[in-house]
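Visitor: My structure is below; once you've seen it, I'll send some questions.
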Amino acid sequence: MKCTVAIFAVFTTVVAFHLLEAGCDPTPNKRKSKKAELVRKHLKRLRKEEGGIKLVGGRDEFEGNVEVLHEGQWGAICDDEWDAAEAQVICRQLGYEDVASAKPTYSSHFGPPKRKYWMDNLYCDGTEDEITACRFDGWGEHDCEASEAAGVRCQENVVTTEDVVKESIKSFEKMPEKLEIRLQGGRNKKEGRVEIKVKDEWQVICGDGWSLLEAMVVCRSLNLGYANEAMQTDFFGGNLTATTYSNVNCTGEERSLSYCHHDATTRGKCTGKDVAAVQCTDAMADLIIDHIDLMRTAHLEDRQMFFLQCAMEENCLASQAYVIQKENPSWHLEARRLLKFTARILNAGTADFRPAIPKHLWEWHMCHMHYHSMEVFATFDIYDSKGSRVAEGHKASFCLEDNQCMPGVEPRFACANYGDQGISVNCSDIYKYTVDCQWVDISDIEPGVYTLKVAVNPEFKVPEMTFENNAAICDFHYAETLGTVSNCKIQRP
């Protein structure tokens, strides 16, 4: 018997889908249904239907910044609260089967967006079929800059061979040893485009993937203090060449860029056409979690959803709670089990910790009657023994203020009356367990042993001295009527 082959052009790459007829497949109905679904997904992109998505800026169609179609126009997605769950939804919508390997990318890794932002603050549980099924702030509602585009890597054999996948994993190579670094084009010695000396020639670095982590290494290696800003720009001049290093990747703790890596496959290919630049400063904030207070205050509480309506407006419950609210007329009588604890965050640095968002973009929240200055100040997540997140992280906006200061230090920041927000040096912002959203919704997990991760400034959006003390990783023992948090360690988010 003969089998027909249908070929569909998806973006710039041709992907062949073999649609088997009845005689070619021992389970024709199941096979036909599966193939029809793949065809539907790809036709959705080809016809430019509402909610269609595509990846741009990558070296192949399995990776790139995400763009979504709304009202006939393509737009980017902001990386605020972007994580593996959202990446899995994107890869599933693109037709990949093994979405478990989907990797999110941040900070305009594949270059700054060419179009407006359509979506911000996405809340997915990872099971949705399309990204528009997730919760988000609303079409076009955002406060994101050009360096905050979200992207994904979907590595799967439907599109590429195993050899290409292996090659993409191995593509990150060490930067050259004993690199000389300098800043050029700035208004003072603490800012400018980053240049490195390669074979006696000074070269700029491509801005693709450039973030605060790489900027921290540059400022440290030049003895210029701490990174205050990482920029992808042409403001400071500089010419890109066929040998320009791109997608430089650091942890932020390296002594020099020589200890960092770069994507060898993108060298000389600067998608965003901007260069990497930094601004350094002598004084910097440094946040530390009080893990002792976290362990001391952790406890379980069962609470009716009627009393959680304000918190639900800020997406503080697991996705199942919103399903119940939608489908059950008596949803307000249902209860959720919450792991509650106090988060005390001390600024042990030499400068105030201030929100990155300007004051005129702060969001007023009617339920709590104050402005929120940070979309993602802290995240709370629970993982099982395999490292999979089983209870959704706390995703909500925050106001920042000085709740408690060391002797001799006067508090200066307060949320009330549209006051200035921040955390002063030697002061703490305290979110007590009695406050809305100061919890993890664990209603849908079974009793057992888990890991609790509490992280502040987890997306590295606001500069600090170091990010190595921004997370508390703890053991969480959950019995049917008791939950205990113990053995907390301070580390990187």
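Each Cβ is built from the backbone N, Cα and C atoms, and glycine gets one as well.
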Visitor: Would you mind checking which of C219, C250, C310, C316 shares a disulfide with C280 in TrEMBL?
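Guide: Among C219, C250, C310, C316, the record in TrEMBL lists C219 as the disulfide partner of C280.
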Visitor: Check TrEMBL and name the cysteine among C134, C144, C260, C270 that pairs with C206 in a disulfide.
Guide: C270
Visitor: Looking only at C124, C154, which is named in TrEMBL as the disulfide mate of C134?
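Guide: So the cysteine paired with C134 in TrEMBL is C124.
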Visitor: Of C206, C219, the disulfide-bonded residues given in the record, which has the fewest other CB atoms within 10 A of its CB?
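Guide: Ranked by other Cβ atoms within 10 Å, the disulfide-bonded residues C206, C219 bottom out at C219.
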Visitor: Restricting to the domain 'SRCR' (53-155), report the mean pLDDT as a whole number.
Guide: 88
Visitor: Given a 10 Å Cβ-Cβ cut-off, pick out the one of the disulfide-bonded residues C134, C250, C270, C280 that has the most other Cβ atoms nearby.
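Guide: Of C134, C250, C270, C280, the one with the most crowded Cβ is C280.
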Visitor: Which residue counts does DSSP give the domain 'SRCR' (53-155) for helix, strand and coil?
Guide: 16 helix, 31 strand, 56 coil
Visitor: Identify, in sequence order, the residues in the chain of C260 (disulfide bond) that are 6 or more apart from it along the sequence and have a CB within less than 8 Å of its CB; answer 'none' if there are none.
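Guide: Residues satisfying the criterion: K174, M175, E214, V217, V248, N249, C250, E254.
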Visitor: Go ahead and report the DSSP secondary structure tallies for the domain 'SRCR' (181-281): helix first, then strand, then coil.
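Guide: Reading the DSSP string over the domain 'SRCR' (181-281) gives 16 helix, 39 strand, 46 coil.
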